[in-house]
Amino acid sequence: MLLSTKRLFLAATLLLLAVPVLAAAPPDSTAFSVEAATQHYLNSLTAAQKASSDAYFEGGYWLQLWSMLYGLGLAAVFLKLGLSRRLTAWTQRLPGKVLPTLAYIALYLLLAHVLSYPLDIYVSYFREHQYGLSNQSFGEWLTDDLKSLALSVVIGSVVVLILYAAIRRTGRRWWVWATGLVGIIMVVAVFLSPIFISPLFNKYTPLPAGPMRSQILSMARANGVPADNVYLVDASRQSKRISANVSGLGSTIRVSLNDNLLNRCTPAEVQAVMGHELGHYVLNHIPKMLIFLVLIIGLGLGLVDWAFHRLLGRYGPGWGISSIGDVTGLPLVVALFGVFTFLAQPGFNTIIRTQEQEADVFGLNAARQPDGFASTAIKLSEYRKINPTPLEEAIFFDHPSGHTRVLTAMRWKAEHLGK
Ligand SMILES: [Zn+2]
């Protein structure tokens, strides 16, 4: 009670002191307006640029639905048309217990990939060219695609085999064990990917010497990030997109700036992006994201188990599936998980977007380049709608929209610079 009276008194005194000062301040016609500065940046896009970016991004909303439905269609081919049953019959002729299951999984992954080509080639090749975002010829695209197919068949088969071994040993609680296993596998994959997987697709080199490198490394040191963890990646092999990322875990963690960023952006813009990436690094976003992901996957697998058993009684005999441990049911597990990820997407987007917002604010404080950050946000609108409604941003955006980013930058500028 005493404390709050004291506080009230203090507040009243401050107010009395402040009021005359406020009243005495002359109106400042040259004051920096956050709203006007934000609008100025948004207006720098032409109507045609905005229309193209909106169309590209909004088309992506529908593609999420189409690819989920495509996945259900694929499951129908495997289950209703009997492809899965036939695969099981072929692979059962192989000797031993492990080999038939492994062969089924590898063949399923291969066939599912090939049967997805009509949608995949449209989405990641033709559509990217249509919007001028890709640098690849079809041959180059296919080479990259075949590399990832080989990876997914080799690594995926082993991972799914381990999961089926867990399912068969642990009964209805399989999904709890499977979640733990997926967690361990993900940690190992994230740890190894900068060393073994990313170099299969791109070349990672140290940043070239020069003033840019000195500025970037100095900012890295100022934020406790070792300088030898900053790389340049030749992303222009695949695309025209400006980007940068943090990958790896523990001793393999690194920040990679892509060459499009270095070639298409000013030093202030590169510093702004680098500040953002350092934010991901310093705020431990990768380990935190892994924890979220494992929890979401656990929830998904629990729901898959529930739905699988509801369908098993009715359709199991017709589809040739005897139990959840029967690998013939893999297409059903994949389809159900696909429906789950489709429904969970807004939640997942929000988790990522929240981290991205944290990194944005960290980056503004670290790089002190609000205009560099704002103009980069405008450049990113090549592939991300610049000014969505708040609801649209909450549901579909895994990064803050250009509008949100420019506004954040201009507010920061108003409060930190020019005073
Ligand atoms: Zn980010």
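Note that Cβ sites are derived from N, Cα and C of the backbone, with glycine treated the same way.
Predicted automatically and left uncurated, TrEMBL annotations should be read as such.
Source: prediction; values computed, not measured.
Per TrEMBL, the features are as follows:
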SIGNAL    1-23  signal peptide
DOMAIN    47-203  domain 'CAAX prenyl protease 1 N-terminal'
TRANSMEM  61-81  transmembrane segment
TRANSMEM  102-126  transmembrane segment
TRANSMEM  146-167  transmembrane segment
TRANSMEM  174-197  transmembrane segment
DOMAIN    210-409  domain 'Peptidase M48'
TRANSMEM  289-308  transmembrane segment
TRANSMEM  329-348  transmembrane segment
I'm a bit unsure how to read this: which one of 61-81, 102-126, 289-308, 329-348 has the highest number of Cβ pairs shorter than 8 Å with the transmembrane segment (174-197)? 289-308
Should the transmembrane segment (61-81) and the transmembrane segment (289-308) be scored as in contact, given a threshold of at least 3 Cβ pairs under 8 Å and pairs 6 or more apart? no
Can you give the mean pLDDT for the domain 'Peptidase M48' (210-409), rounded to a whole number? 93
